[in-house]
Amino acid sequence: QADAKMVCDVVSRMEDTEPFSPELLSAMMRLWADSGIQECFNRSREYQLNDSAQYYLDSLDRIGAADYQPTEQDILRTRVKTTGIVETHFTFKNLHFRLFDVGGQRSERKKWIHCFEDVTAIIFCVALSGYDQVLHEDETTNRMHESLKLFDSICNNKWFTETSIILFLNKKDIFEEKIKKSPLTLCFPEYTGPNSFTEAVAYIQAQYESKNKSPNKEIYTHITCATDTNNIQFVFDAVTDVIIATNLRGCGLY
């Protein structure tokens, strides 16, 4: 209790860039090693805990070192809520891309739906790990159920009949660990298959792809881990091929 009080008191007064003191670091490491804390962590699906919490807490001694420099993985695993519309320009394989990153929360959607008219492709990201969690803004709604509803509304929107839809089923690494302890029936009570990674992901993929009501529209699905740079490189190569093919079709050359 003394460690918890000290951590709460100190952290509430700290600046974002302020380093951990040895006393704070020791208290945090003792708390993380505590059996009661670990029991709470094992039930983290019941509350809004960042997916990367374990990664950082397991690395407290490294992160708290005086000479700490963030690694590539440290940076990739950070989480900042997307607010509004963030536009990024970049070149890949001699193609110029304009990428619009938009907030997925309910309060954000009205800000971005108008941006999608005339886009070449929509990349829809699903957190596989959200199948046993509820929304931050509505704790009565399952995250994956909400995601399926949003995917349905976008996939079948009249403005996007000619738009390629690329579906990223992301956080496969977290899902692979979760499915061993938390059954898929928490999200899909009708599911009767085994709680194994391959079968569970295939079922989720089928749920999303079944929302597509257009016989002429293909959903390009990829199982991804956004923190795995090799996986994302492969996936982005595939995405680029889809976008090129779409542009060629638009010109009558494919």
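These residue numbers are counts, starting from 1, taken along the chain as shown.
Even glycines carry a Cβ here, placed using N, Cα and C.
Any TrEMBL annotation is an automated prediction that lacks curation.
Going by TrEMBL, these are the annotated features:
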| type | residues | note |
| --- | --- | --- |
| BINDING | 51-52, 76-82, 101-105, 170-173, Ala226 | GTP binding site |
| BINDING | Thr82 | Mg(2+) binding site |
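The CA atom of Asp51 (GTP binding site) is located 16 Å away from the CA atom of Thr82 (Mg(2+) binding site). Sequence-distant neighbours of Asp101 (GTP binding site) (same chain, 6+ residues apart, CB-CB distance under 8 A): Thr82, Ile85, Val86, Glu87, Thr88. Annotation note: Arg77 (GTP binding site) sits in a coil segment as assigned by DSSP. A C-beta separation below 8 Å, combined with a sequence spacing of at least six in one chain, links Lys171 (GTP binding site) to Asp51, Ala127, Leu128, Ser129, Cys225, Ala226.
Its Cβ taken as reference, Val80 (GTP binding site) is surrounded by 5 other Cβ atoms within 10 Å in the chains shown. The Cβ of Ala226 (GTP binding site) has 17 neighbouring Cβ atoms from other residues within 10 Å, across all protein chains displayed. Between the candidate binding-site residues, Arg77, Thr82, the densest Cβ environment within 10 Å is the one around Arg77. A coil conformation is recorded for Thr82 (Mg(2+) binding site) in the three-state DSSP classification, outside any helix or strand.
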